[in-house]
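Engineer: Could you have a look at this structure, given as structure tokens, before my questions?
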Amino acid sequence: MLLHIPGVFDRDEVVRIREALAQTDWADGKITAGYQSAKAKHNLQLPEGHPLAREIGAALLERLWRNPLFMSAALPHKIFAPLFNCYREGGSFDFHIDNAVRQPPGGAERLRTDISSTLFFSNPEDYDGGELEIQDTFGTRQIKLPAGDMLIYPATSLHKVNAVTRGARYASFFWTQSLVREDSQRTLLFEMDTAIQQLTLDMPEHPSLIQLTGTYHNLLRRWVEV
């Protein structure tokens, strides 16, 4: 499932974040890449543990745990601390698949990467190129979202960031371990939850709501890993 989640940060917040990102010191993006990915990665990144990364990341996580669309679609169990990158003119990241498991530096806990997320801090008109290109069962998509909006997609997807030819592309990226491992099962649960919510708005007294809600939770109980 590929899903656009709008307005994680509002316009004023995005302006302040982008100004802070533009003024900070960046490191080579290869610092978090695996062996194969490092050969394809040509961008800049805030080191893990950087004060600005911790500050913005904490604000992002706070919003995600309160975002109904993200919670319904991702069914998050654990969220890896958000990372931040910058693609300036000539920057790119060729086709790759994200590592299956992530572990914070110095940490003992590991996280299975079920869902990849990109949150944009630059508007599409601020840069040329830099599209997030994703290949999966839904076909090939090239995506540039408004600043403050986020895209989630299966971490199993082959994807790349096309070369930036003008301006700068600032973004956050991170991974989620879901309560439900399989994308097809998460998609079914999300579609069912969306339908139940809409039916609740349209016909709040409909007798099938109890049965449908029970079916949703019984499917979740069958597939959940905790």
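Cβ coordinates come from backbone N, Cα and C, glycine included.
The shown structure was predicted, so the numbers you read here are calculated from the model rather than taken from an experiment.
The domain 'Fe2OG dioxygenase' annotation in TrEMBL covers 78-178. Under the heading Fe cation binding site, TrEMBL lists His96, Asp98, His159. Marked as 2-oxoglutarate binding site by TrEMBL: Arg169.
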Engineer: May I ask which residues of the same chain, at least 6 positions away in sequence, place their Cβ under 8 angstroms from the Cβ of His159 (Fe cation binding site)?
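Structural biologist: When sequence neighbours closer than 6 are ignored, His159 (Fe cation binding site) has Phe95, His96, Ile97, Ser116, Leu132, Glu133, Ile134, Gln135, Tyr153 within Cβ distance under 8 Å.
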Engineer: If you draw a 10 Å sphere around the Cβ of His96 (Fe cation binding site), how many other Cβ atoms fall inside it, taking every protein chain shown into account?
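Structural biologist: A count of 18.
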Engineer: Between the residue listed as '2-oxoglutarate binding site' and Asp98 (Fe cation binding site), what is the CA-CA distance rounded to a whole number of Å?
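Structural biologist: Here the two Cα atoms are 20 Å apart.
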Engineer: Could you list the residues of the same chain, at least six apart in sequence, whose Cβ is under 8 A from the Cβ of Asp98 (Fe cation binding site)?
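Structural biologist: In sequence order, the residues whose Cβ lies under 8 Å from that of Asp98 (Fe cation binding site) (at least 6 apart) are Thr113, Ser116, Ala155, Trp175.
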Engineer: DSSP says what for the domain 'Fe2OG dioxygenase' (78-178): how many helix, strand, coil residues?
Structural biologist: 3 helix, 58 strand, 40 coil
Engineer: For the domain 'Fe2OG dioxygenase' (78-178), provide the mean pLDDT of the predicted model.
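Structural biologist: Across the domain 'Fe2OG dioxygenase' (78-178), the average pLDDT comes out at 96.
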Engineer: Take the Cβ of Arg169 (2-oxoglutarate binding site) and count every other Cβ within 10 Å, whichever protein chain it belongs to.
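Structural biologist: Arg169 (2-oxoglutarate binding site) is surrounded by 26 other Cβ atoms within 10 Å.
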